[in-house]
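Feature annotations, reproduced from Swiss-Prot:
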{"type": "SIGNAL", "residues": "1-25", "note": "signal peptide"}
{"type": "DOMAIN", "residues": "26-147", "note": "domain 'Barwin'"}
{"type": "DISULFID", "residues": "54-86", "note": "disulfide bond"}
{"type": "DISULFID", "residues": "75-109", "note": "disulfide bond"}
{"type": "DISULFID", "residues": "89-145", "note": "disulfide bond"}
């Protein structure tokens, strides 16, 4: 009986370790973030009109879903890629000011970080340095979108 309990304990610890490693892999620090002129409010939050990569899977989601969060393209160093990232949410923090915003991944990019909608970029750029430099340095973590 004791052997069975030890086995169960080992399995439980292994599962917890794997889950913690997965959670750690779902965030990144000191990531370069640029901006993109999606301006979804001007195109009725239409992913097809924005030519967003995720339109194939998410364009027919309800309007409330598409406008709940600001948009971003994702090509960060940690987290799922391609279709697996579509519709997921990130909490993005400007490392210079601590300002945070939650965004929804609607597109992919190639800059190795994030390409935030200009509205979100401006919301995070509270000291104006991002605009001056053409990019922000941010941390991000995948979060529940609560949809």
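Numbers here mean position along the shown chain, with the first residue as 1.
Glycine too: its Cβ is placed from the backbone N, Cα and C atoms.
Nearest to residue 145 (disulfide bond) in space, judged by Cα atoms and limited to the disulfide-bonded residues 54, 86, 109, is 86. When Cβ neighbours within 10 Å are tallied across all protein chains shown, the highest count among the disulfide-bonded residues 54, 86, 89 belongs to 54. As a whole-number mean, the pLDDT of the domain 'Barwin' (26-147) in this prediction is 98.
There are 16 other CB atoms within 10 A of the CB of residue 145 (disulfide bond), with all protein chains counted. Note: the Cα of residue 89 (disulfide bond) and the Cα of residue 109 (disulfide bond) are spaced 16 Å from each other. Counting in whole angstrom, residue 75 (disulfide bond) lies 11 from residue 86 (disulfide bond) by their C-alpha atoms. Neighbours of residue 75 (disulfide bond), defined as other CB atoms within 10 A of its CB across all chains, total 19. Cβ contacts within 10 Å of residue 109 (disulfide bond), excluding its own Cβ and spanning all protein chains shown: 18. Between the alpha carbons (Cα) of residue 86 (disulfide bond) and residue 109 (disulfide bond) lies a span of roughly 12 Å.
Residue counts for the domain 'Barwin' (26-147) under DSSP (helix as H, G, I; strand as E, B; rest coil) come to 28 helix, 42 strand, 52 coil.
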